[in-house]
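A.B. asks: Quick one: this structure, given as structure tokens, is what I'll be asking you about.
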Ligand code: SAM
Ligand code: SF4
């Protein structure tokens with residue numbers, strides 16, 4: 001997929017970047033407690049959000065000049081982006097071999113899954129932290145559990161494969177549902193993944209004690225299931241296990257306690273056109289200004305390469321010098 005002559009998007013540690021996390025909006029229709037405050041956030045003005053044509057131009061540069069081969073659409077809530085199926089169609093047309101996936105809260109999936117699959121979307125991750133309606137309403141501050149369950153079903157029926165469920169277990173909130181969520185995934189043919197909570201909430205209330213570590217997640221799973229490790233995950237953030245006696249797998253994304261920065265192949269583009277070389281980066285590179293200033297593709301490519309070249313060795317959550325990024329997760333694109 002890389003243009004024959006284009007060098008890889010590589011940093012000074014030799015990590016090659018092939019995976020683009022593309023945020024399409026910072027807005028959201030939920031207010032998950034580990035992500036943002038009840039009142040929401042000050043959304044970016046519409047004029048600052050990349051237009052579809054600008055997104056397309058950056059995708060072309062990423063795929064044809066920088067060797068990006070996988071694109072995950074995210075946000076905020078990406079299904080809120082107006083005209084999303086048309087945009088997905090156009091991204092798919094840049095190169096149909098792009099592995100195109102989406103991370104969503106699932107609320108609008110029942111309505112959109114089929115159109116998105118037709119447009120070229122292949123895989124979907126749906127965030128679901130609990131199977132209990134009252135608890136779902138408490139965590140997300142919206143009573144939408146039935147919509148998410150319908151969205152999961154619609155995604156599967158539309159042919160999106162695999163359909164993964166992402167859950168962030170938080171102590172005293174939903175950590176007693178690790179087994180129940182996994183059983184739900186097994187019964188319905190979804191793949192379960194648990195994510196360690198990270199200090200990326202807008203209200204800055206994250207604390208290590210409320211995080212459920214990978215070790216604890218695996219202990220809880222081990223009480224009910226026999227897990228067999230799946231050989232190395234390549235660059236994928238999740239460590240995966242086969243659930244013996246079932247066709248299913250379960251994954252754990254241990255960004256805090258088992259950081260995988262050494263094999264990171266991801267680069268991020270925010271909805272307002274800023275390249276971030278890491279989820280935890282404190283600096284960004286303004287590609288939107290270049291686009292709107294009339295820059296040639298060469299200049300945009302160059303700025304993108306410089307940003308990645310400057311990537312640090314890894315996040316420093318576990319050190320005393322850790323500084324949170326200014327943007328919360330929802331404005332970066334998770
Ligand atoms: N709105 C979509 C969703 O919820 O799937 C996409 C954006 S959301 C920021 C992407 C993922 O980040 C979700 O799976 C969500 O659970 C996760 N997330 C949000 N805040 C987090 C935090 N503080 N720590 C760990 N994961 C978080
Ligand atoms: Fe919205 Fe996703 Fe954040 Fe929940 S985790 S508030 S769904 S952006």
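Using the three backbone atoms N, Cα and C, a Cβ is placed for every residue, glycine included.
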A.B. asks: For the GTP site that TrEMBL assigns to 21, 103, 164, 266, 267, 268, which of 57, 72, 133 is also named?
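C.D. replies: Only hit among 57, 72, 133 in TrEMBL's GTP site, alongside 21, 103, 164, 266, 267, 268: 72.
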A.B. asks: If the criterion is a C-beta within less than 6 angstroms of any ligand 2 atom, which of the binding-site residues 28, 32, 261, 278 pass it? List them in sequence order.
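C.D. replies: From 28, 32, 261, 278, counting a Cβ under 6 Å from ligand 2 as near, the near ones are 28, 32.
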A.B. asks: Might you list, by sequence position, any residue in that chain lying six or more from residue 268 (GTP binding site) with a Cβ less than 8 Å away from its Cβ?
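C.D. replies: Once residues fewer than 6 apart are set aside, residue 268 (GTP binding site) is near 20, 21, 22, 23, 275, 276, 277, 278, 279, 332, 333.
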A.B. asks: Give the number of CB atoms, excluding that of residue 264 ([4Fe-4S] cluster 2 binding site) itself, located within 10 Å of its CB.
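C.D. replies: Excluding its own Cβ, residue 264 ([4Fe-4S] cluster 2 binding site) sees 22 Cβ atoms within 10 Å.
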A.B. asks: Identify which of the following binding-site residues, namely 127, 264, 268, place a Cβ less than 6 Å away from any atom of ligand 1, and list them by sequence position.
C.D. replies: 127
